[in-house]
Amino acid sequence: MADQLTEEQIAEFKEAFSLFDKDGDGTITTKELGTVMRSLGQNPTEAELQDMINEVDTDGNGTIDFPEFLTMMARKMKETDSEEEIREAFRVFDKDGNGFISAAELRHVMTNLGEKLTDEEVDEMIREADTDGDGQVNYEEFVGMMTSK
């Protein structure tokens, strides 16, 4: 995953890594992670810090080295991409830009995609995604529908 990063991104992450790696030994400990998190106004518990490290600590030595840090950053960037894709997809459906997808808008887009749906099928799709029951799909509901697969 880290191989999809540009040299510029890698250089930026190297700088960020150095900020975390207070003693410059090439690894980030829970203590160092805690220091940086607190300087950013966060107040993680020891257990939370351990969880954060364990999430990316692929060799299981209890610290994060630079390759592990890169993988973590690449993963975060990938998640952001898919969020942006979902936002774009929502805009495609939300023809009038009011922040909601109506049955008419859904039918219009599905028809353009070559999907001939009955009114009943369109209503059913709206009902499935419409968790607050207002008869249309807002962005949160759309995200829920897109990520529940």
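A Cβ is built for glycine as well, from the same backbone N, Cα and C atoms used for every other residue.
Copied over from Swiss-Prot:
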DOMAIN    8-43  domain 'EF-hand 1'
DOMAIN    44-79  domain 'EF-hand 2'
BINDING   ASP57, ASP59, ASN61, THR63, GLU68  Ca(2+) 2 binding site
DOMAIN    81-116  domain 'EF-hand 3'
MOD_RES   LYS116  N6,N6,N6-trimethyllysine
DOMAIN    117-149  domain 'EF-hand 4'
BINDING   ASP130, ASP132, ASP134, GLN136, GLU141  Ca(2+) 4 binding site
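When other Cβ atoms within 10 Å of the Cβ of ASP130 (Ca(2+) 4 binding site) are tallied across all protein chains shown, the result is 19.
Counting Cβ atoms from all protein chains shown, ASN61 (Ca(2+) 2 binding site) has 11 others lying within 10 Å of its own Cβ.
When the alpha carbons of GLN136 (Ca(2+) 4 binding site) and ASP57 (Ca(2+) 2 binding site) are compared, the span between them is 43 angstrom.
Annotated Ca(2+) 2 site ASP57, ASP59, ASN61, THR63, GLU68; additional same-chain residues within 8 Å of its Cβ mean position, judged by their own Cβ, are THR27, ILE53, VAL56, THR58, GLY60, GLY62, ILE64, ASP65.
Ranking the binding-site residues ASP132, ASP134, GLU141 by Cα distance from GLU68 (Ca(2+) 2 binding site) puts GLU141 first. For the domain 'EF-hand 3' (81-116), the residues of the chain that approach it from at least six positions outside its boundaries are 122-123, 125-126, 135-139, 142-143, 146-147, judged by C-beta separation under 8 angstroms.
Confidence in the domain 'EF-hand 2' (44-79), given as mean pLDDT, stands at 88. Listed in sequence order, the residues PHE100, ILE126, ALA129, THR131, GLY133, GLY135, VAL137, ASN138 complete the 8 Å Cβ shell around the Ca(2+) 4 site centroid, once ASP130, ASP132, ASP134, GLN136, GLU141 themselves are left out. Looking at THR63 (Ca(2+) 2 binding site) and ASP134 (Ca(2+) 4 binding site), their Cα atoms lie 48 Å from each other.
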